[in-house]
Structure formats: structure tokens, C-alpha cells
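Report on the structure given below.
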């Protein structure tokens, strides 16, 4: 097969591993910067160009689209989809997952347990919002945040009000969420491919911090997950219509809670921690699903 990887930086670990895994299985691979793609949207002859040349047909596309370029990155991916390329994750699913508020609403509708979460637009509702999630300590999150950026633990009610007011002063959209104290700064990252959790790690926050993201200095170890955690991770990925997802779970006294579903999970931390060839599993998923029937169905 001919596979395109959409990424702004082909030197990143995840891109290199996906490229290596695809080549090892006999596929042709090209890494394309989505911001250098431009499109002819034409009902008679739609096409996509890259740095002055018209791109050939790709059997499959692996999107590694960062949050900062979600709008144009998903537009480029959508063009590949229109031309019959199989997307490892569909553009509509990526856009949906990037909206934290919408994601939580969809997950809640499917009965997936979450931390109690509130959102309000008016400053007049701040006090009620804090009470809604059980008071302080609580977590304030930017809706557009990623990798632990824009996440603040407010340990007192006064601190919570100050943080919420400060974010509102920046015209930022925020979520207010209960703090799961018993998680003790740890979460579980489950890597889902299709209908299987292929790997899981426990991420522990750096001493003195509460965010466990590896990009923020957290440490990782292999996690043994329960059948309930496995089931909830797969259900969360399926709810978001993602074939590949990083599902972050908090272990609360009342059971596992889904904190976030990531549409473009990094591979470095979880592969190096577990020793599992996740990139290879992703390529094998593509091989099973990037079929002639898919191309015919989508017009390729």
C-alpha cells in the first residue's frame, strides 16, 4: 500500500516509528506537512497538491495533527477522505475529540463515568459552578488545552474564583472539574487500537505537581488494568468514533473515570515503557481496513 503520514514534523518519535513499521511491512510511506497541502475542491475533479505537485492516490492516511492546526489539518485530511484514502482516524472524529466540552457531553450521554464537570459563561454563575463540582479543591481546565497546558489545581475557594476570573478575562473557554484526591496525581493511559486495549501505562505526576502528563515531567510504569477499565476505555474510543485513541482514566473510589480521549496519542512514552510495538499494531489495523471496498464506498 501507499501510505501518507500527515505531520508537521517527521522527526518526531511517533512519526518515525509509524514510518519504520509501515516500511517493515512492505508499504511505501510519505510524510506530508498538512500546512503545505492545498486543495482543489471541485465536484468534477477534486485534488490535493503538495509543494507544487499534485499528489497521487494514497491507500491510507495516518493523521498526526497537532491541536494548534486542527482546523486546517482536518480539512486536509477530509480532502484525502473525499479522494478515497482510508483515514486511521476520520477528520470528523478528530475534530470532535479536540472539543473537550463536546467530548464530555458525548461520553456522559453514553453513560461513561467522568469527573463531575461544570461550565458557565457568566461570571455571576461562578459560585454555583464551584458548588456544582463539590467545592475546592477543584481543577480548572482550558477547553483548548493540551499536554497538561492550561490545567490549574485550585486548592481553596478563593483561589478557584481568582483562576476562573483570570481565564474569563482572557476570553478563554474553561471547564471546572472535581478534584479526584484519591488518584494521588496518577492516571492510566490506555492505548486503544480498534476494539482492543493494546497497551496501558500508569503516569505519575512529578513531586509537588498534580498533572501526570509525560510532557510535564511525569513518570511512567506498566499498568495492569481491570476488566472494567479495559471495557470503559474501549467504549470511550468507540463513542468518539476513533480507531486509535489514548484514553486517560482516573482511579476514583467510586470506580474508573474517563478524564480525556486523545485522538493523536504519542507513542514514545508508552512504547518505551511497555516494549510493545504499538506502531506495528496500527499498521496492521490499516492493512485490515484500507480495503478496495472502503475506496469504492467513499468514491476512491
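A Cβ is built for glycine as well, from the same backbone N, Cα and C atoms used for every other residue.
In the three-state DSSP scheme, residue 187 (ATP binding site) is classed as strand. The ATP binding site annotation in Swiss-Prot covers 141, 178, 179, 187, 211, 212, 213 and rests on sequence analysis.
Using a 10 Å Cβ-Cβ cutoff, residue 248 (Mg(2+) 1 binding site) registers 21 neighbours. Secondary structure from DSSP puts residue 248 (Mg(2+) 1 binding site) in a beta strand. If you look up Swiss-Prot, you'll see 248, 260 marked as Mg(2+) 1 binding site, on the strength of sequence analysis.
Annotation comment: Swiss-Prot describes 248, 260 as Mn(2+) 1 binding site, evidence class sequence analysis.
Feature annotation from Swiss-Prot assigns Mn(2+) 2 binding site to 260, 262; the stated evidence is sequence analysis. Every protein chain shown contributes to the tally, and the Cβ of residue 262 (Mn(2+) 2 binding site) ends up with 21 other Cβ atoms within 10 Å. In the three-state DSSP assignment, the secondary structure recorded for residue 262 (Mn(2+) 2 binding site) is strand.
Taking the Cβ of residue 260 (Mg(2+) 1 binding site) as reference, residues of its chain lying under 8 Å away and at least six apart in sequence are, in sequence order, 100, 103, 247, 248. The Mg(2+) 2 binding site annotation in Swiss-Prot covers 260, 262.
The feature domain 'ATP-grasp' is assigned by Swiss-Prot to 104-287.
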Task: Among 178, 187, the one of these binding-site residues whose Cβ has the fewest neighbouring Cβ atoms within 10 Å - done: 178
Open item on the list: Taking 10 A as the limit, how many CB atoms besides its own sit near the CB of residue 179 (ATP binding site)?
Closed with: 18
Task: Chain-internal residues near residue 141 (ATP binding site), provided their CB is under 8 angstroms and they sit 6+ positions away - done: 100, 150, 151, 152, 174, 175, 176, 177
Task: Three-state secondary structure, which DSSP defines for residue 179 (ATP binding site) - done: coil
